[in-house]
């Protein structure tokens with residue numbers, strides 16, 4: 001599915017009747033959250049609020065509210081397409097030389113797709129059609145949402161934060177929430193291990209910290225492919241802009257900022273330009289994807305020097321809360337992306353599942369074709385290590401390939417019948433944990449547990465292992481033939 005920018009993607013959604021324009025005045029203060037929450041829980045359309053109360057700028061919400069729309073944003077039609085993308089990412093991470101003609105034919109489409117991965121630098125761009133600086137910089141002109149009753153204030157949620165470390169060749173793009181504290185100041189909430197925070201730390205430890213200020217740009221209303229690229233486990237040597245071009249089948253056009261050399265998506269609706277210094281402020285509390293309000297913490301203040309916009313710009317926002325919300329829907333879609341990456345490293349993996357009700361990543365379930373003693377433990381350690389996204393996974397449940405890991409009833413049966421709590425659990429202390437996980441004993445440091453719910457082999461148990469009950473196939477087929485005639489239901 002080919003498109004250029006957010007506006008052209010909205011036209012695609014309109015063509016397929018997957019977006020709704022709401023002309024009734026609705027307040028960005030709590031009301032849009034409630035409407036979006038009800039809509040997403042019924043797998044409803046994306047929403048454009050044409051008249052947010054008190055604002056002239058429309059507000060887009062619930063863009064990624066179904067896995068189908070996530071797939072469309074990534075260039076496909078449905079979630080099956082995302083599995084194919086996972087194979088491309090797996091190839092890009094660890095490319096292999098072709099061994100025969102069949103391998104060459106299989107690789108060719110991948111290289112064809114890569115032709116869109118080169119960025120195109122432009123001198124004029126829609127995102128700079130209107131430029132505001134100095135006293136004209138005013139975030140209060142944007143319908144930034146306050147999502148939950150106890151939130152401290154308005155919160156920017158879908159901004160793509162663009163940074164570059166002093167010794168890096170390419171930029172980093174991350175999605176971090178930002179609290180508005182003044183008309184030209186926001187708090188940059190990023191965790192220490194995230195790319196933007198690492199760039200800032202590197203800058204503070206460099207000579208440049210004494211010579212200049214650390215530039216930051218935030219793209220609001222970027223094209224959906226670039227947004228999703230910022231939350232996708234792409235190879236470290238591949239830029240988000242390049243991967244976005246692959247997704248939307250169009251090269252990403254970028255333009256240099258007004259106030260710095262940072263390059264931003266040319267078709268973004270709004271760009272915030274500014275700088276960080278050593279000033280910090282208390283951030284929060286805010287309702288988060290866990291379904292709870294987070295603690296108040298101190299983070300850097302971003303001073304905004306310029307706002308550039310498209311004419312008739314649109315503000316793109318979301319809310320986060322107890323699943324189901326947009327992050328959990330994106331997590332469901334990206335789950336399909338992870339599977340080929342994991343299978344490339346561990347071919348014995350049959351399926352992998354991140355239940356959306358578990359805050360996207362805190363519990364994972366995997367099914368394997370068991371091959372040797374202790375196999376489940378090896379898989380646990382591998383999953384915790386292979387991708388940064390799984391660093392915060394607290395629970396890993398490993399099942400045999402006869403278990404449908406997308407079905408909690410099957411999982412619970414497997415745990416209740418194949419697990420001895422002492423023998424089949426792997427506990428690890430003092431591991432990285434999500435800063436928002438207040439259940440951990442310490443901030444950023446907690447424990448993990450792996451549960452081996454596979455059938456145990458001789459050497460893993462001294463007892464005779466149970467044989468699962470199954471009906472004969474002949475009988476099942478016979479009853480299938482007469483089932484409708486029985487009129488039981």
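A Cβ is built for glycine as well, from the same backbone N, Cα and C atoms used for every other residue.
Quick caveat, the model's predicted, so the values are computed rather than measured.
Within 10 Å of the C-beta of residue 172 (Mn(2+) binding site) we count 19 further C-beta atoms, all protein chains included. The Mn(2+) binding site annotation in Swiss-Prot covers 172, 240.
Using a 10 Å radius centred on the Cβ of residue 177 (prenylated FMN binding site) and all shown protein chains, the other Cβ atoms total 22. The secondary structure of residue 177 (prenylated FMN binding site), as reduced to three states from DSSP, is coil rather than helix or strand. The prenylated FMN binding site feature in Swiss-Prot is assigned to 175, 176, 177, 189, 190, 191, 194, 195.
DSSP assigns residue 288 (active site, proton donor) to coil in the three-state reduction, placing it in neither a helix nor a strand. What Swiss-Prot records for 288 is active site, proton donor, and it gives sequence analysis as the kind of evidence.
Around the Cβ of residue 194 (prenylated FMN binding site), 18 further Cβ atoms fall within 10 Å across all displayed protein chains. In sequence order, 294, 320, 321, 436 are the residues near residue 288 (active site, proton donor), counting only same-chain partners six or more apart with C-beta under 8 A. Each residue contributes its Cα atom, and for residue 190 (prenylated FMN binding site) and residue 172 (Mn(2+) binding site) those atoms are 13 Å apart. According to its DSSP assignment, residue 195 (prenylated FMN binding site) is helical. Of all Cβ atoms in the protein chains displayed, 16 besides its own lie within 10 Å of the Cβ of residue 191 (prenylated FMN binding site).
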